[in-house]
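S.K.: One structure coming up, written as structure tokens, with questions to follow.
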Amino acid sequence: MQNQLVVKRLGRRDYLPVWQAMHEFTDTRNEETPDEVWLVEHNPVFTQGQAGKAEHLLNTGDIPVVQSDRGGQVTYHGPGQLVAYFLINLRRKKLGVRDLVTTIENLVINTLKAYNIDSAARPDAPGVYVEGRKICSLGLRIRKGCSFHGLALNVNMDLSPFLRINPCGYQGMEMVQVSELGGPTDIALVEQQLVKELVNLLGYEQVEFSTEAEVREA
């Protein structure tokens, strides 16, 4: 199972049911469980990471705020943003947490490079940036040697809700998205490229795709 990956396209979902399903998957998986990546667009929501501080919520208005158990501070999820959750057995892949963070940043950088968008990671703030503007947020959690949570890549979305928070705890952090930089407006195209880069970086040899309707909305 080390080189097998299951890619599930969840479509558009509320945050909490997917978060609960990630927990259930991680709690019940064993050494034989293949790694999975879940691709989803969330309905509008602010999520606070474990390090989240209330003062970074400036004016959330009618958008709900959910306390999450991922790393990091507050961020926004909404339609037009590609969220990828990485359910990976790190011990099996012989990856440390820092290795996984670097791999995820590199797969985003490589994905954007396919669209002639130059981007980079920052040592002081996880995520991916284009000329100082943030295009991708990153937050993970590890349990039983397995990762969950993941990344949020701005593709073709309304960025204005980010003005209601200090994104990832940084006052005045400017956000940018793929479609503004000459890349695709279609999330499905970006999903394909992202999965391709992930398979290359982590050496998966068998990849199974599914449109997952069964993620339980507990």
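Glycine is treated like the rest: Cβ placed from N, Cα and C.
Positions annotated as domain 'BPL/LPL catalytic' by Swiss-Prot: 31-206. Residues or ranges marked as substrate binding site in Swiss-Prot: R70, G71, G72, Q73, V74, T75, Y76, H77, S137, L138, G139, G150, L151, A152. The annotation site 'Lowers pKa of active site Cys' is assigned in Swiss-Prot to K134. Taken from Swiss-Prot, the feature active site, acyl-thioester intermediate applies to C168, supported by sequence analysis.
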S.K.: To the nearest whole angstrom, state the Cα distance for the pair Y76 (substrate binding site) and C168 (active site, acyl-thioester intermediate).
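M.R.: C168 (active site, acyl-thioester intermediate) has its Cα 9 Å from the Cα of Y76 (substrate binding site).
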S.K.: For the domain 'BPL/LPL catalytic' (31-206), what is the mean per-residue pLDDT, to the nearest integer?
M.R.: 95
S.K.: Roughly how many Å lie between the Cα atoms of the residue listed as 'active site, acyl-thioester intermediate' and R70 (substrate binding site), rounded to a whole value?
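M.R.: Their Cα atoms are separated by 12 Å.
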S.K.: Report the member of V74, L151, C168 (the recorded positions) whose C-beta atom has the most other C-beta atoms within 10 angstroms.
M.R.: V74
S.K.: How many neighbouring Cβ atoms, not counting its own, are there within 10 Å of the Cβ of Y76 (substrate binding site)?
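M.R.: Here the count is 26.
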